[in-house]
Structures are given as C-alpha cells and as structure tokens.
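Enquirer: I'd like to ask you about the structure that follows.
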C-alpha cells in the first residue's frame, strides 16, 4: 500500500516536471555550461564560469524577448560524466546550447549528442584541432593549438633560432602542438628534437636535464596551464635561461591567471597566443577591469576570454534567430564576427572554428605585475590543420 | 598391525636452531597415542610438519604407507589427515551448522559446486546431523560461532576435524583452556571417537593422557626421548626428571 | 649522470619527509590515514599564504608550516582520529577520504583552485657547479634540511626516552600500558609530529611539486608507495624506499622517457610480490 | 527424532538461498523506474553500472576478503575491449559484453596470483599498481585506445538486433539493468552455494580453511577471475551506453569511488554495492547541482559522519533487515531433543 502511494507520487511528480518544463521552455532559453569545476582542471572551469557570468551580468539575461538561463554542471574532468550531463541537459532541461568543455576528451565525448539532438555545442576551452570535425554542431571560441603554434615556428626561424627541443605533455593538444611546430619549423630549415612528458608528472627535472644535454637555441614547451608554473621554475633553476636557451611556446605556459605568481623566472619567455590580459584595446581594458572587480583573486586568462566570447556568440546567434535553437542557431553562428577583448575575431563558416589574430608576446614587468606584452601581430589566423586539408 | 602414520628421520631446522631432530615415529592403526614433552620440546613444529604447514629440512612422512612429504596441506586433509588447533581456529562469522556443512561438503567434493544451494544434498544433511549429535552441538547450530561458549567452540573445533572423516586425527591440546565444568563433556566426546580413527594426542594434561592413551611418546628438544606404554612411560624416572618435574608448576 | 642522481636524491628526500608521518601512523597506530596529504597541503598553504599575502620571508614561514599542521593534527587526533583506532581499516579509509574531500573543497573555497606559487629567496635560486656536477641550490637546501631531519628522527627514536617509549608502544601497546607508559599521549604527540613533518614537506615541496587544492589526492599514491615498499616498523625502511623511488623515478624518466611512468609502479609491484611486508622488513 | 533435526538443518541451510520480500520489492521498484522516472534514466543507467561494478568488488571483498584499490583495471579493460570492438565494426552489444568479460577474466586470472599473499595494505597497493600500469599502457598505446583524447567512433548496433539506443537513455538503462540483474542472480546463487560457503570460510580464517581441506588459492583465483569478468562487463556497459571511452575508466578515482560506494552500502550481502551506488550517485547529483564547485565538501562530511556514527552498525542493521526478510521462518523445532550423554 505504502509502496503504491510512493510510486504514484513519483509518477505524478514526473508528469508535473515534464509539463512544467515544456511550459517554461517557450519563455526561456537554457544554456548548459559543463565544466570541470573540481579536480585538477578546476581552474579552467572557474575562469570560464566567471567570464560567462560576467557577460550575462553586463549584457542582461534577455535576448530576443527570451530569458537566458545558465545551468552550470561539474563534470569533474571525467569524459563519461560530461556525456551523461550533456545528455541529461538535452533530454530533461531541453537546453538550446551546450557550452564549456575544458579538455579535449570532454569536448569529444558529447559530440555525437550534438549531432543527434541538433544542439549547438560551443567549445570554450579544449584546443585540439580536430574537435570541430567531430560534429557539424560544434563551434569553437577558444583556439586551436596549431593556430597558436605555427606562428611561433615562423617567428623562431625568422629570429635566428636554428635548433629547438620541443617538450610537450603527452596527450592530444600536446602532440598537436609538437606536430604543428615540428612541421612548420623543419619546413623552414630548422632542426627539432622531440620530448614528451606524461600528463601527470610532478617533477620535470629529468626532462630538463635532457634539454640541457642537447644544448638547443630554444626550448619549445607546451604543458597545460597550471603545470606551467612548475615548469618555468625548474627551467630557471636548472640554469637553462642563463645558458642561452630561449623559452618559447604557445601561451599556456605563461597563463595570465598565475603568471604574476611565477615571479622573475618567467621574465623573457616568448610565447604566441590569441589573448593577453595586457592586450591594448578599450574592450580589453573594460573586460579585465570588470572581471577583476567581480572576482577579486583572479586575473582573466585565455580560458576566460573563450568563455566570454562563447557567451557573446550564443547571444548574437540567438538575436539572429530570434531565440530559435538547433540548426538555425548553428547556421546563424557561422560567419559571425565581432571585436572581442582579444581583438577582432570571426567564426569560419566552413570549419566553425575561430579565426583570430595571434600575437607574439614577451613576459615583462608592467606596473609592478608580470604580463605577456604583445610586440607582434599575425592577423586573421585560421586553424592551419583544417586549412591544409581544405587546400 | 598396520601403520597409519609414519615419519622417517624427520628434521626441521630454523636457521641454526634444530626444532625437530631426526624423529622416526610410528602411529599404529586405531591407536590412541599421546605425544608429550615440556614446553618448547617441538611438539607444535612436529604437528605442523605432519600437516604440511611447514616443510621439513629432510626426512619423509607416510600416511598409510604412501609418502605425503611434499603434499600441500589441503591435499593431506583430503587423504585423511585432519587436525585440531591448540588455539581455536574457527570461522567466527559462520554458524556451527555452516562450519560442519562446509567440511562435509568439501570432503564430498562439493566445494567446486557453485550452482546448487548449500544443503540441497541429502547425504550431506545426514552427515551433518550425525556429527552435530556426536559433538553435542545440536542446540547451538544456528548461532554465530563467535558467540558460542568456549567449551562449545572447543567441541566444534574437534567436530570440524572429524567431519573431514580422517583416518588419522591429530588433537592439539583439545582441553586447553576449557573450564572445569565443561571439561567432562569434552573428554567424554574425545573418548567416544570411533576406533577406526587413529588418534595422536598432543597434551600437557597428564590426567587426560593417562585416561585416554594406550601409548605415549616423549619429545624433548625436538628429538624422540622415549616411547612406550602408559605404564612404562609413567614409571620411567628419566621422563619424570625431564618432564613431570617441570609440569608441576603448570 | 651525477646530476640525475642528485635530483633523484632530492626528490626522494622530499617524499620521505612528506610520507614518514604516514609510516608512523600506520606502523604505530595501525591507522590508514589517507588524509595525510591534507596536512602536507596545509603546510604548503601556510607558507604560500604567509609569503604572498603578508610578505613573510620563506625561511620564517617554515617553522609555522610545521607548527600549524601539527596543531591541526593534534586537534583532529584528540577529537576524531582517536575514536577510530579500534575500527576496521575500511572505516579508517572511508573516514580519512572524507576528510580529504572536505580539505580539498575548503582550501578551494578559501584560496581558489589555481596553483599557489611562492618566490624563493634569491640565495636559493639557480645552481652551482660542485666538482663538475651541476647542483641546484634549492635542491641542495632540501637535501640538507631533510637529511638533518632524518638524523634527528633516528636519534629521537633510538636515544631518547620518548623514542624508547614510542618503540615500546609500537611493539605492544598493552604491555606498554602495563609499564605505566601513557600510550594515548604518545599517540597524540606522534600524530601531531607526523602531521607537522608532512606540513613542512608540503612547504618545502610547493616549489617542486606544485601546490593546489588537489594536492592530497595527487600525492596520496606516492605516499602509500613509500610506506608499503619501505615497511612501517622503522624510519630507515621508508627512508631508503623514498630514495630508491625518487632516484628510480627521475632516472627512469631520463633514460627511458617513453616508459618512465611505468618504472615506479612496476617496481612497487615486483617488490611487494617478492616481499609482501616491504623491502626492508625482516621476513617473518 | 533425528529427522526432526535433519529438517531443521536443511531448512536452515536452504533458507539463505530463498528470495525475501524486500529483495523482490527492490528489483520490482528498479524495474518500475523504467516507466516512472523517464527523465532520470541516464543517471539510473550510471547507477546500475556502478552498482554492478561494486557488486563485483563485493564478490572479492565481502566474500573472499581480498581488498582492492585497483578494481578499475578490469572495469577499464572491459570498457576498452567493448569500445574497440565496436569502433572496428563489431557493433553487436552482447558480443561486446562477452569479449569484455573474457578479456577482463584473463587479466583477472593472471593478476590473481599477485594478491594471494601479503597483508591488506600490500594487496591494496599491488592491485593499485596493476591498475596504474594498465592506465599507462592505455595512454601509451594511443594507436589502439586513442590515448588521452579518448576512444572515438564507437557506433553501437541495436541490442539483439531489436532495440536501438536512444537519446533518453531508456534502452541503455533497460539494458544495463537487465544485465546487472542477470549477473546479480548468478552472484546470489554462487554465494549461497557450497563454493560460496568455502569462500566465506577463507575470508574468515584461511589457515583453518586449509585445515578443512579447501584448496584456498585455487578458490581465490576462481572468484577473483569471476569478479574481474563482472567488472569487465560493467565497464563494457559504460562504454556501450555512453559510446565513448576515455583514460579515466582506468583511473585511480574509479577504483576509489567503487570502494566508497561498496563500503557505504555495506560489504558482504551483495545489495551493498547496489544500495551504495544509489546513495552515492543521488547524493552527488543533488549536491553538485546545488553547488558545482564545493559538493565534495559535503560528500566528505557525510562520509565522516557515517563513519563516526558507526558505519558497521548501520550496515549491520540494513543487512539483518534484508536477511530477516529472507525467509527466516524456520525456527528451531520445539521438540528438538537434547543430546544424550553418549552416542557412539
């Protein structure tokens, strides 16, 4: 008897939920933001969440007459959880867009769902080149590693660097970076030696010793942001900076979020990336100021700008479709262009990947704090991997 | 008379220490044989060698004429050599019923049976009942073993060994620690063990030895000191000197 | 070559200071304290926060990085751990994992999820040349500090009254109690001391191992490896195990980078299969 | 009079094999969720899988006393086996399950010899080491496993050629629940069999078990292999229903989580894993929806409280409730004879 009452109560609740959900869906557009909020990659999630919330706070939560509702979920950095959360958000919450995705496997796992349910998937962080090929509903507002890396190779070969050792974390983006750099640099007559370090690696000293033995002109490094600081310190501790080895790489290693804490060891590192908190533009000044005000202990980094622009892309897309999702929304997103805090950007209509300026930067002290100071710009860079395929 | 259990020149060394010193020993079929000796004489080592818990340095062991020296403990049990422990070795979370049932079904080869529910075989039930009655455990069959009175646990210890249907049964101080009130029941049960089982009793308690055994071996410093009938051993002045003299303060 | 050995030793020493408290709790109180890394993290954060927010010099923070986790350990031991000594290992694992989760989230809440970085004083940066071997100054510093700790620990254990009481309590708490030794006090003091050492290790290691809220989970496995491989009945066991582990890890990654990560785990399995009680335990 | 005892003995022994009301109710409710909680099927699917995984750990921990912190080795191997098979065009789910079970069983058999010796702590670390080594292998063998990016391109066929996986997770849940239920029945059968009894005796006292003539090592190898196969199936279910496999199927936290789940639910009565999975997942889901950043704190707090409140006491209650329902009607007959003084 009791069990029957219980079951019917559950059933009734389910019906109410379903109906209620449907009624609300007409008035609100839900965005599912799936991020690693705990675990080793939590800082990625925090930056993006903070930026997305900042954007909504600045631009209001109404677009095309509909209320935007952001649902944040923690996938703990585990791919099957990401997938399940995405599926629940699609099925139960009837989200119009899913966004976030801190790491490559986390972005790839729900890709089939995007295709199946026709829900646009806005990748705000993960940077392996191939991600956008996993589903026609994926659009990216972060960057691809080859996009940031190939300009590095160009710069290096133009600035008298002949021999480079690459040191990358042994996973998708790392290998992407290694391949892109090696290909581009040897193409220009340079000499490259490759080293890979395990992703979970507490001590770099043995690898740095190998670098020291090889005596290169420069060390090209890619490690996920967060581990970068340890790397920088050990690089200097080993005296590699003094023995004339230049430190170059995509900007992950000098992540703005923790750059200032690294101290003088980071000085002089040359990196190429799409965003620096020190980017000189009114948009960026406003963005950095607002971000710091809302989050006192944080400085926005390239993850944050990916989240900020991702929200912008969703807003603009929804404006064009009048609040409609699905195929219409992804179509509306293609080809959009705007001025982001990072500079001018657009969404490539063919690849749905972002086209943006890549800046060559050097770590310098500015107003008492360390920043990546931009000194050269390569405009409108497309992802070289997909560009090569297209030709 | 046939020999149930025999050792030839059994030696066990632990480093420099000789725990078992060239012991050649015979247990006759159906015997009630006691092994005595002062503390540290190597009785426990000897039993561990017999049951295969430890391997001898040299020498051989025969069970009913067949060599078992290199055999693993569980295989010796399957061939008919069972033992009890000086300190209770039981399954605290199981009931006496399950414990006895386990021993019986293992002997009948049921331990590999993973599909049938325990207790669905008639012959097993029959045997469990018989053993439970023999060892006066019928009233506590479904209790948790750890909750049993000590005397009952002691009985269960012997019952499990008996359930293995041994040809040779090694009893390691069966009455150790049993309170006086429960002692009689235990001794009566031991005395009532069927005659076709040969029993080797390791014991300190001289009353029990004299009332139970018909032959006695004395182990001193790991070596067989003397052997004979109860009469012979109990009157042997040398035995009194090495052994009985000591047991006074026990 | 010698540089690799040197780095390995420094790494191993650091592991030892981090893990030896765990060896003691495990060996002494038979308590599986997976939250040991949380005390190390506490020490690391004490140093990082004092240096970055209050401008306290690095060396001055180290005593506090010992004392604060030690007090924390003492309080937790008296209030919570004490009740669980007699419980099963499963209970202890569950309990201490719960503590780890709480510590991770609490630190995240208070200090943020990003890496905490510290600035070493100038005289500890860089490296010098000692008879042709390139030696990092900070790593030398670690070796000196940790080496001194090892010697001090060994002396405390073997030469002092506290040490002999501790050993008595390890051997047989009941007998020790019978001898009038206040075992519960010794447990508390030892637990606090072990936590303090972990805190000091966390502070020293912040520079090399990194420091963020997931620290206790990330390094738990390493601590456990040190303790199981080294055994828990002496200080020398875990110490040698730490050194071997440190050197094997560094050398493995240097000489055979593609299988570097295997080395440590495979080594552990082999050791434990051959010597289940640990490498330096007398076989029983 | 001895038939009286014989009846009593038989009913007492067979009792454990009988299904109790609460057990039947448990599975009926589980089946009912297929209809009544349609929007929860995705998490229910995950619960069923974790439940099966924890059940497999219960087989070795609760019934054979082998502690393991590396059970994810088998889970992950099963997931990869099923995933790779499906990626390479063999899309039949049941075939994948079979392959995963066999692969995991082989690994279980081989590694079982490593856990026969040593203390609990040694076993924990050896099993942990095996899982970590396997994780490294999967990471290195990216040509086979996709490495850190995860295994992509899994396309599952319909189950039995009839039921397509749907986006609501209904088919997936029904599938996982059915497999879990069938394997549960087998496990339940095993633990009440003479073989299961011998396992419990080994857990209680391996020395004595040998003295009763039980080939202890062989029995342990057998159950370890079986549990590995179960874990492999659980992994395969995850791979097939999420159609994605990443390195974290082998990660340490997977082994640790399943241990937590089992211990929360209670060890040694098979339902512990299932109940623990429900409690743990639901708590995690509810709390992390409320505070995605700091849910771990509350989970941690709950764990601490559970332990301080006396976990073993709590689960003992649940367990006796369970057992009490399992047909404990056979009382000792009133007329049970007192044993006579001597009966030879």
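Cβ coordinates are placed from backbone N, Cα and C, and glycine is handled just like the others.
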Enquirer: If you check TrEMBL, which stretch out of D:172-191, D:192-211 is marked transmembrane segment?
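Expert: Checking TrEMBL against the ranges D:172-191, D:192-211, the transmembrane segment one is D:172-191.
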Enquirer: Kindly point out the range from D:126-144, D:145-163, D:221-239 that TrEMBL annotates with transmembrane segment.
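Expert: Matching range for transmembrane segment: D:221-239.
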Enquirer: Check for me, if you would, whether the transmembrane segment (D:260-283) reaches the transmembrane segment (D:94-116) - at least 3 Cβ pairs under 8 Å, residues 6 or more apart in sequence.
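Expert: Checked: the transmembrane segment (D:260-283) vs the transmembrane segment (D:94-116), no contact.
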Enquirer: Given the transmembrane segment (D:172-191), which of the listed stretches D:49-74, D:94-116, D:221-239 has the most Cβ pairs that are under 8 Å apart from it?
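Expert: Looking only at D:49-74, D:94-116, D:221-239, the most contacts with the transmembrane segment (D:172-191) come from D:49-74.
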Enquirer: List, by number or range, the same-chain residues at least 6 past the transmembrane segment (D:49-74) whose CB is under 8 A from its CB atoms?
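Expert: Sequence-remote neighbours of the transmembrane segment (D:49-74) are 104, 107-108, 111, 115, 120, 123-132, 134, 176, 179-180, 183-184, 187, 190-191, 196, 199-200, 202-204, 219-220, 223-224, 226-235, 237-238, 241, 249-252, 254-259, 261-262, 265, 267-270, 272-274, 276-278, 280-281.
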